[in-house]
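Listed in Swiss-Prot:
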| type | residues | note |
| --- | --- | --- |
| BINDING | Thr17, Arg21, Thr265, Gly308, Gly409, Asn413 | ADP binding site |
| BINDING | Thr17, Thr18, Ser19, Thr265, Gly308, Gln312, Gly409 | ATP binding site |
| BINDING | Thr17, Arg87, Glu88, Tyr139, Asp243 | sn-glycerol 3-phosphate binding site |
| BINDING | Arg87, Glu88, Tyr139, Asp243, Gln244 | glycerol binding site |
Amino acid sequence: MTDTQNKNYIIALDQGTTSSRAIIFDRDANVVSTAQSEFVQHYPQAGWVEHDPMEIFATQTACMTKALAQADLHHNQIAAIGITNQRETTVIWERDTGRPIYNAIVWQCRRSTEICQQLKRDGLEEYIKDTTGLVIDPYFSGSKVKWILDNVEGSRERARKGELMFGTIDTWLIWKFTGGKVHVTDYTNASRTMLFNIHTLEWDQRMLDVLDIPREMLPEVKASSEVYGHSKSGIPIAGIAGDQQAALFGQMCVEPGQAKNTYGTGCFLLMNTGKKAVKSAHGMLTTIGCGPRGEVAYALEGAVFNGGSTVQWLRDELKLINDALDTEYFAGKVKDSNGVYLVPAFTGLGAPYWDPYARGALFGLTRGVKVDHIIRAALESIAYQTRDVLDAMQQDSGERLKSLRVDGGAVANNFLMQFQADILGTHVERPQMRETTALGAAFLAGLAIGFWSSLDELRNKAVIERVFEPSCEEAHREKLYAGWQKAVARTRDWEPHENEE
């Protein structure tokens, strides 16, 4: 432990979908410097999305060098590296050369849809849900691995001989940073592959057989907070978590019933369920997060399709606002939405409805409705959808929501945060540090090497900037929410199904 006493910094590598970032934290968890580098998105066909793994590694290395230079630090002052990454994105490379045999297939890519349809036809939905906690979807890594092995000649045979390696982005980066010495992933990333038994915490042989994926190519799976190996310059790599789970840990949601919402284009909600892997009756995913010391804790995950994108629609298509920041001002000009509800089912409805045939609608229009009411209804829709998901999570888990921690771009909107607290009837806690994903990776790495000694010490670092307390009567809250549920019901099943056209 003494070695870390002279090393006062931790570097978090945040490898995202559109850019690589490096953030250096000091012992008080303050950001000392950050560097960011975007990379190319490849769209070879409609619905296909790829990245160049070598470019990801190059941008991530460059960011690390740049962040160190900006802070005037040398690598021997860094106590550890923590890694957080875009989840599910799949890389296969040669063990001997470290060269990928194909581009990385990104989580958004839909090319393996037919493979997933076949899994459904084979009656595997219940088995996959029970074993991996996931639904059958091209989103997850398993079908992407099969697609590469099916389409790159000779690759399956080479994988059987141990010549090829599979990894999600964390695994790929660690392999490169350690000079090909360490082939490892953590439980949070493994839980997103559709190949991992989340109960036994082992790769699932039946899923490997079904998808014809040789076990020889899979990484070892370890806890999210331990020393996995060292970079070529000798820095311990000591923390790994997928981006949403890293944010959950960075928000210190380590006890059952603690939840966070990341408000982005859509919303990502995760609720810690502790030692209990809860099977959802509402289409939530059962996934692995981190407990107080980075050990396995289970979580429920739900996604809202249209959050910030609803505000973008007001700005870009309807031209009602010039800037997303203006919504707070306009929403505050009226005392309520005047009975207006906007259901932003532009691409159908996500959790807990899962209705691809729903379409967006505005309800409750009268001659007295102004632009301000519509803008307010758009913001309120984000809070209502968040409640939809959190209510379902509470029903599934039997855990009462203790409070909601929030991060992402929209948390700067005080109107939205206050309305969120009102409609949930619970505290909404906004952290001072907005870099919660990177902070989670730094916390996990720091705990592993004794840079930070305890959870209490971390809690003191994860400072809450503002708490929004519910200010509305329960009867009024439930009346508003009943109106939302009525509006949602009327958007359902709008689009004709294929066989009806």
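Every residue gets a Cβ built from N, Cα and C, even glycine.
Just so it is clear, the model here is predicted, and its values are computed rather than measured.
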Listing them in sequence order, which of the binding-site residues Arg21, Glu88, Tyr139, Asp243, Gln244, Thr265 have their Cα within 10 Å of that of Gln312 (ATP binding site)?
Thr265
Surrounding CB atoms that lie within 10 Å of the CB of Glu88 (sn-glycerol 3-phosphate binding site), all protein chains:
25
Give the residue from the binding-site residues Gly308, Gly409 that has the most other Cβ atoms within 10 Å of its Cβ, counting over every protein chain displayed.
Gly308
Can you tell me how many other Cβ atoms are located within 10 Å of the Cβ belonging to Asp243 (sn-glycerol 3-phosphate binding site)?
25
Using Gln244 (glycerol binding site) as the reference point, find which of the binding-site residues Arg87, Glu88, Gly409, Asn413 has the shortest Cα-to-Cα distance to it.
Arg87
C-alpha of Asp243 (sn-glycerol 3-phosphate binding site) to C-alpha of Arg21 (ADP binding site): distance in Å?
12
So if I draw a 10 Å sphere around the Cβ of Gln244 (glycerol binding site), how many other Cβ atoms end up inside it?
23
DSSP on Ser19 (ATP binding site), three-state: which is it?
strand
Could you round the CA separation between Arg21 (ADP binding site) and Arg87 (sn-glycerol 3-phosphate binding site) to a whole angstrom and send it over?
15
Could you tell me which of these binding-site residues, Thr17, Thr18, has the fewest other Cβ atoms within 10 Å of its Cβ?
Thr18
